[in-house]
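Participant: The structure's right below; bear with me while I get my questions together.
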Amino acid sequence: MPESLIAGIPVHFPFEPYPVQRAYMEKVIQCLKDGTNGVLESPTGTGKTLSLLCSSLAWIRTRQSEHQQQMIKLDKGADLLGGGAGGGPELSDLAKTMGKANNWGVPKVIYASRTHSQLTQAMRELKRTAYSNMRSVVLGSRDQLCIHPEVSREVGNSNKVNMCKLRVHSKTCTFQLRVESKKDHPDFRGPSIMDIEDLIKVGQKLKMCPYYASKELVPQADITFMPYNYLLDPKARKANKIELGNTIVILDEAHNIEKICEESASVQIKSSDVAIAIEDVTHIMKAFASDSPQDMAGDEPKDFTIDDLMLLKEMLLDLEKAIDAVAVDNPIDGATYPASMIYELLGKANFTYGNVATIVALLDKLVQYLMVASQQQMSLRKGGSFTLLSDLLTIVFANKESVMGKVHASFKVHVQVEESKQPQGKQAPAKQAGGWLSKASLTNGSTGKVAKIINFWCFNPGFGMEQLLNTQVRSVILTSGTLAPLKPLIAELAIPVAQHLENPHIVDQSQVYVKIIGTGPDRQPLISNYTNRDNPKYISSLGQTILNVSRLVPDGLLVFFPSYPMLNKCVDAWQASGLWADIASKKPIFLEPRGKDQFTSTMEEFYQAIRDSKGACFMAVCRGKVSEGLDFADRNGRAVIITGLPFPPLKDPKVILKRRYLESNRTRENQLLSGNEWYNLEATRAVNQAIGRVIRHRNDYGAILLCDSRFKDAAQVQQLSKWIRGHLGDRPQCSPFGPIVRELRQFFKNAETTMKQPDERESGAPLETVIKKEDEPLAPISQIKREPGSNATFKAANETAIKVEMANSIKSWSPDDYACAAGRKLGGSSAPNAMDFMSRLDSNVSSIDFNCMDSRNGSNSSGLVKIHKRERSSPPGSSQSSSQTAKKRYKLVENISTIKVEPPVEVKKEVPESRAAFLREIRSLVGQDQFRAFGQALLEYKDGSKDKFEALMKVVFEVLGGPRCRHLLVGMRKYIKADDKPEFDIRLAKLEKS
C-alpha cells in the first residue's frame, strides 16, 4: 500500500489520503506523540474509521521500532543505579523508577465504541489495511462468547454471568478448563485479528471457552476492541482486569459520551428490591435450619455461615426501615436530597466504607448459591435482588471519601413513590413478625409506609472521565461524525484537550436539498409547539404536506415525529379524515413498533416495499431506534421529514435536576451550558441524529425537509450540524410550499440523471443483523446472504427480542471508490457508521423517557444557544435492510471547505505525587530525545559533583521550562539535593518573572 509521511510518521494508506483524511490523521498522531487528548469530528463518509486505525497503528509500529533501541539504553542506564553517595532517598528512588522505565513499554491502543457490531465493522476495516498483521483482540460478554450448552441457554445476562462463575469456581466447565492447554494452539494464536465470530469458531473447534481464551490475548495485543461500558464502568473494568496505564484510549461514536459517563456512575434501588432480598435471605436461612438440605443446594459446601445470614438480614431490615422513613411530601413529583443522603441512609443499616467489600463478596456468594438451588427447585429466584444491592453498594462506595466534595456537587438523590405490588401468597410483614425466619412484605402495608425508589443520579460526566484519566492513560481521543459544539462538550467532560478538529462533509451542494417548510399546502402554519399539538387544522396541514411530498420523493421517505403520543395523535386524525389512505396510495406506510418482537418483520417488509416503484414511507420518532440506530443509505431513504422539535419532558425530575446542576455550576471560565441552553440543545441533537439517517456516504443524495417554522430562527439554525447549516444560508427563511414542490421535483430529476445509482451489491443487500436477548449485550453478528433475485433471509440466534444493527451498512472502502472521485477536492471511504444503542450498563439506572408527553411537558424555542451537536441513545425499535437498484452516473463537483481548529482549553495541572506518575507524565509530554537526555542527566547528577548539577539544570529547564510542563518543573524541586535547592529556587524564580 502507498506510504504517506504524516506528522513525521510513515503511514500506510490504501491510496493517497484526501485533505480531510490527512488533516484527521495529523491530529491523531499529534495527540499520540505529545501524550495529549483530542476531540475530532469527521462526518460519515470521510473515512474516519480507516484514518483512525491507520494513523494510530502507524505510530504504534514506529514506537515499537524505537523501543527496541530504547530498551537497550534503559537497561544500560539501570546499571548506573547500583550505588554512590548523595541525592537523598527521593532522588535515589526516582532514579530507580527511571531504571524501570522499560516496563512501561510501547503504549497499547484501546478502541472503544458503543456496540459490538461497530467494533466488528472496525475490525473488518483493519483486516483490509497494511496493519492487519498487528495483534488485536476483542473483548465480548459471556452472552456473546459462551459456548457451554447449559449456561448459554440461561435467560438474562446476569443469570449467565452467575452460572458461568459458579461452574468456573467449581471447576465443572470443561470449556474453561481447556483454555490453559489450548491457548497456544496455532488456530488460536495464528490469526492476528479475530472478531467475535472468529473467537466462537475457534472455541468450538478446539472445545475451548472463547470468553476466557480472549483474555489470554490481551497482554500481547497491540490494539484491544471493547464496548464503552467495559472501559467507563468501574465494575466492568475491574471484572475484566483492564489495565489502562500508558494506553491510548479511542472513544469512537462519542457523541453520546456524556450520557454514558453519567449513567455509569448512577444507580437505583427500590423498596421491593430490599424486600425481596430479605425474603431470599430468609429462604436460605430456612434451608440452613432445615434437616433436609436437599431442598436448597444439597450437600454443596457453603461459603458463608448462618451468622453471616443473620447479620445481613438485620442490615437489610434496617435498610428497609430507613427507606420507609424517607419523607416524600409530594408523591407525584418525588423528593430531592443532597448526595450525602445516600451515605446517611446506608449508614443507618451499617453499610460503610469499612465493610462494603465484605458485604459485596457475601452477596455474590449468595447469588451463586441460589443459582445452584434454583436448578433443583425451579420456583426459587436466582438472586437478582442481591445483584441489585451489590450494584448499589459498588457504585455508591466507588467514590472514595477523599472526593466527597465532588460527589456532593455532582450527584443528587431523588426519591420517588414506587407503585405497590402485592407479593404472591400470604406474607406477614417483616417488622411485625420480627423473627429471623420472618418474611418481608413488599408493600409494608402494616406500617403505613409507601414503597419508594431511591435514585442516586450523577449529573457530571466529567466525574467518570476523571476516573479514567486517573488511571494514567497516555491519550484519550474522542471522535464521531458529530461532536460539535466542541467547547461545551470539553467543558462537561472536564478533560485537558490539546487537539481539536471539525472536518467538513464530503458531499457537495448538488447532492442535498434542505428547506424549512413553515406552512402547509393550505397555508396553515406548521409549528409543533405545545399549544398547537391539539389543533386539528395543524394536524391536517401536516398530513397534506406529507401527502404532497410523498408524490415527489422516489423510493424511501422517512418521517420523524417529536414523540410517540404525537405520532399516534396524527395517525388517528389522518385515518379518520382519509388522509392516511391518500398517503398510503402513494407509498405504503410503516410505523415504528414500540415492541421489539415486531420490529424485524416491520423493517423487512419496509425494505421489500422499497423495491416497488412506489417506494415506501416509514413514520418513526426522534430518539427511537430508527432515528438512532439505522442506516437508510441510497434508495432506502431519499428524503427525511422532521415534523417538530423533540424537547425533553419539561417536568421530568431528571431533566429538572440536570438544568439545576448546570445553572449552579456554570461559570464564565468553565463554559458550561446554561440549563435552558442544554434543554434546547437536547432537542436539536435528536434532530441531527434523525437527519443523519439519509446522507450516508459520498455518493448518496437526498432531501431534508424541516416542517416547523421554528427552524428558521437563527439561534436554532446554529444548533444544526455544520454541514446542514451550509445549505440553509446566512438568513434562512421559511419557503412557500409551491416553489418547494417545483424545486423538489427538479432536484430528484437532476439527481437521478447525474448521480450513479447503486447496484444491489452496494446498497440494500445484504442485511447484517444482530439478535440479542432483552437488556443483554449484543450477540455476534452474522452476514445474511442473499441469492441473486431472491429476498434477504434473516438468521436469528435467539428467539426472545431482536436488536438490528448495521442495517444497510455502507460497503467497505475500496481504492477504486476513491479513484473515481479524482476531480474532487475531498474524498473518503464510505466508513461504516452503524448506529445503535449501547446495551445498558451493569448498573440499574433510571433513564429519562424523552418521548413522554403530557399536559405538564411543554416546550418553547426561547433561549436557544448558538451551537449544534448530535444526540445519544434512547427508546424502542431498530432495523434492518434489504436491496437496492438502478444505475447512476457521476457528476463530480469540487468541494473546498475550511477545516476549523478550535483553540485549546486550558486546564490547570497538578504535580503527580508518586515518582512513577511523575516520570510517566514527563515522558508523555516531551519528545523521546528530550526524555532520554533528562534521564541521563538525572542518573549522572545522582552520583556526580557540582558540575553535574549544572548539567542537570540545563537539561531540566530546557525540557520542562515550557508552559505545558511548568508544573513538573516546580515539582522537580522535591528531587534536588538539599544543598542545591536554593540555587534551583533562584533559577525557578527568574524563569517565572521572564
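Note: Cβ is positioned from N, Cα and C throughout, glycine not excepted.
As annotated in Swiss-Prot:
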- S42, P43, T44, G45, T46, G47, K48, T49: ATP binding site (BINDING)
- C146, C164, C173, C209: [4Fe-4S] cluster binding site (BINDING)
- 874-884: compositional bias 'Low complexity' (COMPBIAS)
- 7-316: domain 'Helicase ATP-binding' (DOMAIN)
- 861-887: region 'Disordered' (REGION)
- 252-255: motif 'DEAH box' (MOTIF)
Participant: List only the single closest residue to T44 (ATP binding site), chosen from the binding-site residues C146, C164, C173, C209 by CA-CA distance.
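Facilitator: Nearest listed residue in space: C146.
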Participant: In the same chain, outside C146, C164, C173, C209, whose C-beta lies within 8 angstroms of the Cβ mean position for the [4Fe-4S] cluster site?
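Facilitator: Other same-chain residues near the [4Fe-4S] cluster site: R142, I147, H148, V151, R167, V168, F175, Q176, Y211, Y212.
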Participant: Using all protein chains in view, find how many other C-beta atoms are within 10 Å of the C-beta of C146 ([4Fe-4S] cluster binding site).
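Facilitator: Around C146 ([4Fe-4S] cluster binding site), other Cβ atoms within 10 Å: 27.
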Participant: What counts of helix, strand and coil residues does DSSP assign across the motif 'DEAH box' (252-255)?
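Facilitator: Taking the motif 'DEAH box' (252-255) as a whole: 2 helix, 0 strand, 2 coil.
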Participant: For the binding-site residues C164, C173, C209, which one has its C-beta crowded by the most other C-beta atoms within 10 angstroms?
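Facilitator: Counting Cβ neighbours within 10 Å, the top one is C209.
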Participant: Fewest neighbouring Cβ atoms within 10 Å: which of the binding-site residues P43, G47?
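Facilitator: Taking P43, G47 as the binding-site residues, the minimal 10 Å Cβ count falls on P43.
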Participant: Measuring Cα to Cα, tell me the gap between G45 (ATP binding site) and C146 ([4Fe-4S] cluster binding site) in whole angstrom.
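Facilitator: That separation, Cα to Cα, works out to 35 Å.
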Participant: Have a look around K48 (ATP binding site) and count the other CB atoms within 10 A of its CB, chains all included.
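Facilitator: K48 (ATP binding site): 27 neighbouring Cβ atoms within 10 Å.
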Participant: Using a 10 Å radius around its CB, how many other CB atoms surround S42 (ATP binding site)?
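Facilitator: If we count other Cβ atoms within 10 Å of S42 (ATP binding site), we arrive at 30.
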Participant: Near C146 ([4Fe-4S] cluster binding site) in space, meaning Cα within 10 angstroms, which of the binding-site residues do we find among S42, P43, G47, K48, T49?
Facilitator: none
Participant: Can you grab the distance from C164 ([4Fe-4S] cluster binding site) over to T46 (ATP binding site)? Cα atoms, rounded to a whole Å.
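Facilitator: Pair distance, Cα basis, whole Å: 42 Å.
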